[in-house]
Amino acid sequence: MAAPGARRPLLLLLLAGLAHSAPALFEVKDNNGTACIMASFSASFLTTYDAGHVSKVSNMTLPASAEVLKNSSSCGEKNASEPTLAITFGEGYLLKLTFTKNTTRYSVQHMYFTYNLSDTQFFPNASSKGPDTVDSTTDIKADINKTYRCVSDIRVYMKNVTIVLWDATIQAYLPSSNFSKEETRCPQDQPSPTTGPPSPSPPLVPTNPSVSKYNVTGDNGTCLLASMALQLNITYMKKDNTTVTRAFNINPSDKYSGTCGAQLVTLKVGNKSRVLELQFGMNATSSLFFLQGVQLNMTLPDAIEPTFSTSNYSLKALQASVGNSYKCNSEEHIFVSKALALNVFSVQVQAFRVESDRFGSVEECVQDGNNMLIPIAVGGALAGLVLIVLIAYLIGRKRSHAGYQTI
């Protein structure tokens, strides 16, 4: 989904270097030549891909040559299809937006991106070849008969891809063949209160979460074994326009389910007010598994937008060799988006290959290794002190015996 703010320091660095070019204009018209979708925006695409035994990041912007792909775009047919804007560019690249509406609002319900790993200009030395398609929901929405307007960056996180739109003007279900004068501005563009920026409320932190145990089984046996305590750190705007950060614990009593696949293992944990989905992927080349995706759908009754949703499918956390288990006693913070951080405590997890429903050999996190340095250093210092005292004692004893020698 769309979420303001960067996911990782690497993304911040790359995004800072983007040249914000002038936005392009795209139109979809019906059979009578009347526009039903208009969109003007600039865009960039950051894609993580495997190149041998390393991961690389490709960075491209929407070129001026991008154009509407007419045979994949439509105004939608009543009760049959959704209005769709498809934009093609480069050698096999496609950005597609599908729209939906209710009685008061319309939205970009889904965004799809197809990229070409055979394009050596942007994906040199890519391990895989050919096209790949990823998708995500978005937070792009506006009132009916109003134009959606967002000057600020809009980030949409997909599997291995982050799409950034800026200087965006979008409208579907047009009442005329032009943008409406009235606008719905995105939350990122909203001005700060004239009384000065409010101090964020201190995090409302509950007690540390309890450890929960999860076991996901498929046709071929157990594909996920996990023991961990999870906590959600969510930042959102309340109805009184103040920003708060709250912590919500995932409880052992929450129900869970999951799926087993050859390349993807999922775990869903939830209750009546929230569903958290964790996706574990696998790099077949390096034989590593890792947490690659997090999606959260939750209800926040005191928020301006009570329905909270965010996701990120470009993560690489909780990583270990397939057949082994990842273990970390230290608290870990996984930044999913600007609005969500996932705190993980006392974790041990193993995905894809689990034998006899037991954890395999342990691969410890770096944090636990660093924590061991302190007791080792203290132990070394104490051993050195004992050695010095022992040497001093032996020297003193030797001198004492020398004073009683027979003349």
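Quick reminder: no glycine exception, Cβ is built from N, Cα and C everywhere.
As recorded in Swiss-Prot, the features of this protein are as follows:
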COMPBIAS  194-206  compositional bias 'Pro residues'
CARBOHYD  N32  N-linked glycosylation site
CARBOHYD  N71  N-linked glycosylation site
CARBOHYD  N79  N-linked glycosylation site
CARBOHYD  N125  N-linked glycosylation site
CARBOHYD  N145  N-linked glycosylation site
CARBOHYD  N160  N-linked glycosylation site
CARBOHYD  N178  N-linked glycosylation site
CARBOHYD  N215  N-linked glycosylation site
CARBOHYD  N220  N-linked glycosylation site
CARBOHYD  N241  N-linked glycosylation site
CARBOHYD  N271  N-linked glycosylation site
CARBOHYD  N297  N-linked glycosylation site
REGION    22-189  region 'First lumenal domain'
REGION    180-211  region 'Disordered'
TOPO_DOM  22-371  topological domain 'Lumenal'
TOPO_DOM  396-407  topological domain 'Cytoplasmic'
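Among the glycosylation sites listed here, namely N32, N145, N160, N215, N145 has its C-alpha nearest to that of N241 (N-linked glycosylation site). Note on proximity: of the glycosylation sites N32, N71, N220, the one nearest N271 (N-linked glycosylation site) is N220, by Cα distance. Annotation note: N125 (N-linked glycosylation site) sits in a coil segment as assigned by DSSP. Around the Cβ of N215 (N-linked glycosylation site), the number of neighbouring Cβ atoms within 10 Å comes to 15. Long-range Cβ neighbours of N297 (N-linked glycosylation site) (same chain, at least 6 residues apart, Cβ-Cβ under 8 Å): R274, V275, T307, F308, S309.
Closest to N215 (N-linked glycosylation site) in space, going by CA atoms and restricting to the glycosylation sites N32, N71, N125, N145, N160, is N160. Reduced to three states, the DSSP call for N215 (N-linked glycosylation site) is strand. The Cβ of N125 (N-linked glycosylation site) has A51, G52, K56 as same-chain neighbours under 8 Å, each 6 or more residues away in sequence. The Cβ of N145 (N-linked glycosylation site) lies under 8 Å from the Cβ of Y173, P175, S180, E182, each on the same chain and at least six residues away in sequence. Sequence-distant neighbours of N220 (N-linked glycosylation site) (same chain, 6+ residues apart, CB-CB distance under 8 A): C260. With all protein chains in the displayed structure included, the most crowded Cβ environment within 10 Å among the glycosylation sites N32, N241 is that of N241. According to DSSP, N297 (N-linked glycosylation site) sits within a strand segment. Across the structure, N71 (N-linked glycosylation site) and N178 (N-linked glycosylation site) are spaced 22 Å apart at their Cα atoms.
Counting only residues at least six positions away in the same chain, the Cβ atoms of T47, T48, Y49, V134, Y313, S314 sit under 8 Å from the Cβ of N160 (N-linked glycosylation site). Across the structure, N32 (N-linked glycosylation site) and N178 (N-linked glycosylation site) place their CA atoms 15 angstrom apart.
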